[in-house]
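Here's the structure we're looking at; comments come further down.
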Amino acid sequence: MTPVNQVPLISRFGVPGLYQEPYTSHAVTVDGNSRLTVTAGVVGRNPDGSAPDSLAEQASLAMDNLIAILSAAGAGPRDILILNMFVVDWTEDQFPALQPAFGKLLQSDGGPGFPGSLLVPVKALAYPNLKFEVQVIAALPGRVRSWQKESALSRNDAPPRQVDVAIIGAGFSGLQAAADLQKAGFSTLILEAKDRVGGRSYSLPLASGSGLVELGATWINKDTQPRVAELARKFNLDYLQQYMQGDSLIELEDGTRLRADSENATETPDAPEFGAAIAEAAGAFDAAAADIDLEKCTWAEQDCTLEEWMARKEFSPTARAFTQLFVAMLIGGNVAEIGAHYFLDYIKSQGGFESLASDGPKGAQNLKIKQGTSAIASGMASGLTPGSILLNAPVASVRQDGSGVRMLARNGLEIAAKRAVIAIPSNTYSAIKFSPPLPRGKAALVSQTKGGMYYKVIATYSKPWWRDLGLVGKFLSFKGPICFSWDISDPEASQYSLAFFVAGRLAVGFKDLPLFEQEQAVLNHLAALVGPESAHLAHDPLEVNSIVWPNEEFFHGAPSSFMGPDLLSKYGQDFRAVFQHLHFGGAETAYEWKGYLEGALLAGARVAKEVAASLGGGK
């Protein structure tokens with residue numbers, strides 16, 4: 001989040017033991033947010049261009065002019081950091097001639113506060129009658145500036161930076177769109193609100209040793225997700241097979257704990273009704289999803305909440321409980337909120353239930369990237385034209401007219417483009433002012449999408465003690481706070497970690513806890529799950545890392561956004577529709593692998609084709 005205190009810490013200091021000059025500091029440092037004002041050279045000239053004859057008079061008038069300029073910028077002499085003076089034919093006996101001019105600075109606005117200063121003797125200035133010139137750098141708190149009537153200042157604003165295509169968001173979708181468009185010969189500029197590329201891909205090096213953990217997107221499949229796999233090969237990244245040896249540990253709502261085969265939870269000897277419930281739900285999902293048209297956003301059935309749909313299909317109580325857990329795992333949603341059409345569309349876009357639930361050769365959780373999924377994003381960014389990605393540049397407004405698009409970033413940067421790509425989560429569109437407003441269908445859709453409730457807590461240990469207990473690292477709970485988990489270790493790096501997810505309805509109360517209490521609640525739950533004999537192992541991590549995705553600025557949820565009932569069928573066609581000069585990407589807009597890295601790449605490629613076609617196909 002943006003820090004509340006945006007006042008810069010300005011330190012002016014002299015070094016003990018060095019020479020000291022009056023009214024000056026050896027150095028000035030500025031820490032924190034600030035707004036710099038740099039003046040041009042200021043001379044002692046009147047509005048008609050005339051200048052006094054003497055050095056003293058010119059220096060005095062120059063200081064008057066300087067104070068007026070600083071005031072127009074919202075600054076004053078007290079804000080001066082650097083004071084540079086240039087004097088023609090300087091000699092030391094001219095000091096008295098400059099003292100009255102310095103007096104004006106000292107008496108105005110509390111004085112210059114001992115800036116770093118420099119006096120440079122020169123042979124001549126730009127005009128033969130000039131004897132004195134001053135130039136300063138001043139720092140103001142945050143974005144403070146003074147109000148002026150429009151006619152009060154002569155504006156010399158730089159024209160907006162011009163590109164063929166401006167892209168909002170440096171996630172996988174925005175990066176793919178930029179790569180394809182640059183390859184086609186178009187100039188692009190990505191404006192990324194965060195201080196990194198990759199979007200919901202966020203690889204974090206461990207402080208306790210070698211290796212890294214994934215706070216965001218983690219897995220790929222080299223067969224069913226060919227685009228992301230091709231990028232991994234292109235950047236010479238290494239695969240890590242998802243660990244699959246051992247049992248899952250499942251906690252039911254009544255506190256009963258079961259061990260189940262990690263790859264076939266339908267085979268649960270201790271509770272056959274649980275395995276039957278998974279089979280029941282999976283079969284119903286795939287059967288209903290078969291009637292969905294991904295491109296036309298149509299479904300043969302009447303839409304409703306997923307909770308209502310389960311009642312319509314007469315799900316068993318255990319199948320309903322499993323579905324609630326599965327929705328939390330998949331999207332971070334709640335069956336009482338998510339539309340059945342959207343949920344089933346999501347499943348179909350991923351290739352069905354087995355693809356989503358499996359860690360095996362055809363499963364979505366089959367492979368990890370040893371160097372982290374962020375290495376893919378970094379590789380993509382490195383392949384773009386240098387300077388074509390701007391970080392820390394959240395967009396405040398997007399204005400369209402007959403000539404194209406004008407984007408204004410919160411930092412004041414203005415971009416002019418022929419076309420623009422919006423490649424950010426749909427639930428964050430509301431942070432941008434669109435002019436003209438988005439069409440009714442698109443606005444209705446994006447204003448009602450919600451970010452998934454997803455908290456990720458990663459505990460890293462000195463050894464994989466759960467494997468010694470015959471466990472695969474999957475802990476599933478219907479009670480919480482842990483909702484589900486995976487082993488995300490890298491044995492070659494001696495990195496042994498469990499990634500825990502608190503999601504959906506189980507995350508509602510969890511989000512109000514302080515971060516330390518959130519992490520402790522997860523470790524306490526893990527200790528309870530493995531039992532008293534092994535609880536001490538759960539409580540002995542080398543380090544714990546976590547991320548609260550709903551609180552992450554510019555995301556406000558993970559792993560994707562979701563829709564309530566009727567939205568997809570009514571407005572789904574509007575989701576990807578071009579609006580004048582605006583094109584819409586992002587993982588949510590993919591037809592296949594919606595919400596995944598693969599889907600983000602597919603959406604980026606699709607939107608790049610749209611833009612290229614609208615601009616004449618390439619250069």
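Even glycines carry a Cβ here, placed using N, Cα and C.
In this model, the domain 'Amine oxidase' (172-611) carries an average pLDDT of 94. Annotated domain 'Amine oxidase' per TrEMBL: 172-611, in sequence order.
Per TrEMBL, FAD binding site is recorded for Ser173, Glu192, Ala193, Val395, Glu588. Taking Cβ-Cβ distances under 8 Å and a sequence gap of 6 or more within the same chain, the neighbours of Ala193 (FAD binding site) are Gly169, Asn392, Ala393, Pro394, Val395, Ile424, Glu553, Phe554.
Same-chain residues at least 6 positions away in sequence with a Cβ under 8 Å from that of Phe501 (substrate binding site) are, in sequence order, Ala328, Met329, Tyr454, Tyr455, Lys456, Val457, Ile482, Cys483, Phe484, Ser485. The substrate binding site annotation in TrEMBL covers Phe501.
The secondary structure of Ala193 (FAD binding site), as reduced to three states from DSSP, is coil rather than helix or strand. Close to Glu192 (FAD binding site) in the fold, though at least 6 residues off in sequence, lie Gly169, Ala170, Gly174, Ile389, Leu390, Leu391, Asn392, Ala393, each with a CB less than 8 Å from its CB. Cβ contacts within 10 Å of Val395 (FAD binding site), excluding its own Cβ and spanning all protein chains shown: 23. Counting every protein chain shown, the Cβ of Glu588 (FAD binding site) has 25 other Cβ atoms within 10 Å.
Among the residues Ser173, Glu192, Ala193, Val395, Glu588 said to bind FAD, no two Cα atoms are farther apart than 20 Å.
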